[in-house]
Amino acid sequence: MKTFLALLCWAAVALVNGQTSRSLTVDSHDITVLLNSNETFVVFAKEDLTAPVSVRLVKEHDDHLNLDPESFIYAAGATGNQTVVITGLRAGYVAVTAIDAANEIIEDVYLRVTVAMSKGLIYTSIVFGWVYFVAWSVSFYPQIWINFRRKSVEGLNFDFVILNIVGFTLYSMFNCGLYFFDSMQQEYESRHPRGLNPVMLNDVVFSLHAMFATIITIVQCCIYERAGQRVSWTAYSLLSVFAVVVVVSASLAAASVLHWLDFLYYCSYVKLAITIIKYVPQALMNYRRKSTAGWSIGNILLDFTGGTLSMLQMILNGFNYDDWASIFGDPTKFGLGLFSVLFDVFFMLQHYVFYRHSSKSSNSDLTTVTEATNQTPIEPRHETTEKY
């Protein structure tokens, strides 16, 4: 009987402590601290505590930072806050969690701490990010402009255009789904409890803008001279495969076999596949025509700028946060960026080296369009031939 009462009392205390510890939180879940510098965060109660709570902070990596204090007791009914000082010791990412006296996790007391080597590198990375965002956003318009000036889309491969609109549509679905729909966000949080939503507002704006610009290009393909160009059967076959993947995964999600978040992931995988193959038709078309006329080099130069700065930003962050694993441990993003940049280099070689003497090429697709001039036909002279 005494043992039963002791267990009952222990369970009651644990229940009270568990309910009480859930009242604790922090003022920020994300903190950046420089090496050998200090930052602070505050632990506070969202409501009056009915019992004291013993808090012990647990670091994912002991050698990256110091916490002062690492443990403390939050008194019952306390109205004060507990300030904790973070000192950066080694660059990297560190997750900090908290447990109570019963070794139960205090759910809302956690931090994602980034220890950086240099504040200057942080600002440089931010600048790189904005520059490549602008470069990629503007990169659609040189092609639109040259189409408008020439009143022709001859030289622009239709397979590239149709793959682009499908890719950016799927990319927009992924971004909008994770950014605007609570159910998808909640599912992502359940799978990654302390992870950040990977989709930011600029991702949503970029993908929707890319769709808009590609739609303008498609309209131009419909109304301007196209010299008999059309979408190839190869492209239709690939699009059919992609459509099957999307429709089947959407049907499974609608039938609750898959979660809608998994449907978004499948859409993103199709977008990655399109990114890998979409440049091939245009490169082959340029090779067969031995000309880049009608294909805007301005688009390529801006895309090259954006892709290069994107990779430089990843390398810069890898050095500043000692996070090379984000590049080499999961090379998908870096590899796709490198793949796109290599294709841009190939297009530049086609334009400036291989086919630079082509009579159909223009000196600059951004400002000048070389077109055949309309000349008045010369009437042949009528002469008589006589024998003398």
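Glycine residues also receive a Cβ, built from the backbone N, Cα and C atoms like all the rest.
According to TrEMBL, the protein has these features:
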- 362-377: compositional bias 'Polar residues' (COMPBIAS)
- 362-388: region 'Disordered' (REGION)
- 1-18: signal peptide (SIGNAL)
- 120-141: transmembrane segment (TRANSMEM)
- 161-181: transmembrane segment (TRANSMEM)
- 204-224: transmembrane segment (TRANSMEM)
- 236-257: transmembrane segment (TRANSMEM)
- 263-281: transmembrane segment (TRANSMEM)
- 293-316: transmembrane segment (TRANSMEM)
- 336-355: transmembrane segment (TRANSMEM)
Cβ pairs under 8 Å between the transmembrane segment (120-141) and the transmembrane segment (204-224), at least three:
yes
Among 161-181, 204-224, 293-316, 336-355, which stretch has the highest count of C-beta pairs below 8 Å with the transmembrane segment (263-281)?
161-181
If I count Cβ-Cβ pairs under 8 A between the transmembrane segment (161-181) and each of 204-224, 293-316, 336-355, which range comes out on top?
204-224
Decide whether the stretches the transmembrane segment (293-316) and the transmembrane segment (336-355) have at least 3 CB pairs under 8 angstroms, with pairs required to be 6 or more apart in sequence.
yes
